[in-house]
Amino acid sequence: MASSTTEAPAEFFDFKLYRYTPSLAAAIVSVIVFAVLTALHTWRMRKARAYYFMAFTIGGVFQTAGYGGRIWNHYDPLSIGGFVIQAILILVAPALYAASIYMILGRLIRTVKGEHLSLIPVNWVTRVFVTGDVIAFSLQAGGGGIQAAGTMAMYETGEKIIIAGLFVQIVVFGFFVVTSIMFQSRLARNPTRVARSGSVPWKRYLVVLYVVSAIILVRSIFRVVEYLQGNKGYLISHEIFLYIFDTILMAITMAIFAIWYVERLEDPKRGKFVEDPETSGSGDGCEMDDGVQHGRQCSEERPSCRSCVRREVFCEYPEEVQPTGNPTPQSSDLHDDASPARLSPRVYDTGGDHSRTEHPSTPAPTPVSAVSSVSRRPGPSADTFGIRDLALLHHWTVSTSVSIFKAPDLDSLWQVLITQIAFEHPFVTHAILSLAALHMAYLDDRPQNSSYVEEATQHHAVSLAGFHSVLQNCTADQYEGLFLWSILNIIYVFSISRQLADNAERNSPRLRKDRLLGVEWIPMMRGIDAVLAPHYDFLRGGRIKHLLSLGNWAELEPGDAILDPMDLELRRLRDIWKDSVDADVYNQALTVMRKARMYCLQFETMEPHMLADLGWNRALAGPLSFVHFGPQRYFTLLHQRQPPALVLFTYLGALLHSLDHVWFFEGWGKDIIEAIDDLLGDYWRPWIRWPLQHAGLSSE
């Protein structure tokens, strides 16, 4: 690359477009390399529908055109047009690369369902970084344009603006790297179900982001030094440095993304995964990543689904709710709501398909009022509702619905909105009717209340069959129904388990311990996330978006200065497992338990005007959050009946006992603590003394 003294036309200052003759060979090779890489990225972007790579691909076009400008200047070194093309396009192309990199992080966070682990709210991840990138891009492009004005003053002004733009790019990139590292660290400590499943190679994606970010940072620092040295500087006077610290580095960046392509990330606008149509499975059904189809796979009629076996997770709940061909629900099985009933054409025609739920959940029981005086019919059907159902619906509206949260500001949610949504989805209607019947059985102490339980199981069987039917081919207008059914099903499971416990567990202490320690309901609740994941963003814009929010959960950071008696006891538990190989797992679970306690406590002293900022969830969500956010390894240890896991679980019993006034949680907390005390014996009793006292099981 020979030096040259070719000068740009300038009357008042010694400015040269180039202090060398641009190398023709280097420019041609660069054009070919970037053209090939850009074509490859265009093909991959279209094939994978990864349109978040659009800015990145345009950056490749800029690079190709920029080095075309250098070919022009090889033949005409005085051409301002060629100089401006190469100077601006090569300068700003990395800013376009950065825009796609920022968008990838936001989508990756959503894809692994790690929104609660992000340093900044996930809705702002892309906005913050892309906004900074746009500012950097504008400053660099504007500065390059000003430099072409032809006077020393304008050249120096443009140079300062470009340097400012490069500094902005470096600062934004630095903050981006910090955000990415913190997210990875938090996700590694508290992996979500999607992250644990291995369906999304999030670690590889983050490593790719780190590598390309480091490369672009090196290039940006080089450019800052180059411009600080000025037009006569050593770096700008030797073409080799441009190719070493810019051309080659940017080509490597494009090559890295071409080889380790980041695809199949969730589209925040459409609430689904962006995936390769040739690698995504059937076009029917819910659009979700293969590894996130746990809820859908577990709906199949088989003892254990391939998805769960492959990922080594529990599959009990889907296995037991699957229709078996037996038309009569068996009261001895807590989850055997099997029925051959199918979802028939809907009763309430709303002008479109009904929403359907993808998540297991628990329905709430209803009080005995008008329903008790109406004679029972043989059993409900999916497409017709009779006078008995109207009586149950009335009971739901006037009593059961207001018994769930017991919060006047939220009563209308269950009385009106949830009922309206249920009318759009018959299988959800059957779910609330089953809760109404269970609530009636709870309120009625007469021996005949078993008929209400039977009626509840019949409605639930029809509801469950409809739920599975919808899962086979769900569409966007069904997501609300699916999610709502999941919430109702959680209430149903807690309630029906208590209703049937006496008969089912009379001669089997093992069954009782299995129930109380969550052999079935913990995998069921944790499986909800796998079903909800693909539709999370869609639901956040719907009518029940506030049910998805846990308010300030992500901001709660339990420290060692908390004086709450339960928290003091929880911190003491660290001594139990300090030498265990699973100490990190127990510490993670302990942190989640302490957060659950903090979450519950805040509602005891919170001012009414502050409640509106925390969504629709209240203290009721605290214990369930532990089940949702706790590490999977901890629940495996609990299933193995490891003493430290059992000791910690007594504190979940204590949290549930604090909610003993909620009818479907009644007795659960005390029974859990009592069962674990029986399992552990005298040696471990000092470690569970506080839960025992809290539940009234110890006089000490």
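Quick reminder: no glycine exception, Cβ is built from N, Cα and C everywhere.
As written in TrEMBL, here are the features:
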| type | residues | note |
| --- | --- | --- |
| COMPBIAS | 323-332 | compositional bias 'Polar residues' |
| COMPBIAS | 367-379 | compositional bias 'Low complexity' |
| REGION | 273-299 | region 'Disordered' |
| REGION | 320-379 | region 'Disordered' |
| TRANSMEM | 20-43 | transmembrane segment |
| TRANSMEM | 50-68 | transmembrane segment |
| TRANSMEM | 80-105 | transmembrane segment |
| TRANSMEM | 161-183 | transmembrane segment |
| TRANSMEM | 204-222 | transmembrane segment |
| TRANSMEM | 242-262 | transmembrane segment |
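Outside the transmembrane segment (242-262) by six or more residues, the chain places 26, 30, 33-34, 37-38, 40-41, 44, 48, 50, 53, 56, 60, 63, 67, 90, 93-94, 97, 104, 108, 204-205, 208-209, 211-212, 215-216, 218-219, 222-223 with a CB less than 8 A from a CB of the stretch. Within its own chain, the transmembrane segment (50-68) has Cβ neighbours under 8 Å at 27, 30-31, 34-35, 37-38, 41-42, 44, 85-90, 92-97, 99-101, 103-104, 107, 247, 250, 254, 257, 261-263, 265, 274, counting only residues six or more beyond its boundaries. With Cβ pairs under 8 Å as the measure, the transmembrane segment (204-222) is packed most heavily against 161-183, out of 20-43, 80-105, 161-183. A Cβ distance under 8 Å defines the sequence-distant neighbours of the transmembrane segment (80-105), meaning residues of its chain 6+ beyond its ends; these are 8, 17-18, 52-56, 58-60, 62-63, 65-70, 72-73, 125-126, 129-130, 133-134, 136-137, 140-141, 144-145, 147-148, 162, 169, 172-173, 176, 179-180, 183, 205, 209, 212-213, 216, 219-220, 223, 246, 250, 253-254, 262, 265. Residues 1-4, 6, 53, 56-57, 60-61, 63-64, 67-68, 70-71, 73-74, 77, 237-239, 243, 247, 251, 254-255, 257-258 of the same chain sit 6 or more residues outside the transmembrane segment (20-43) yet have a Cβ under 8 Å from a Cβ within it.
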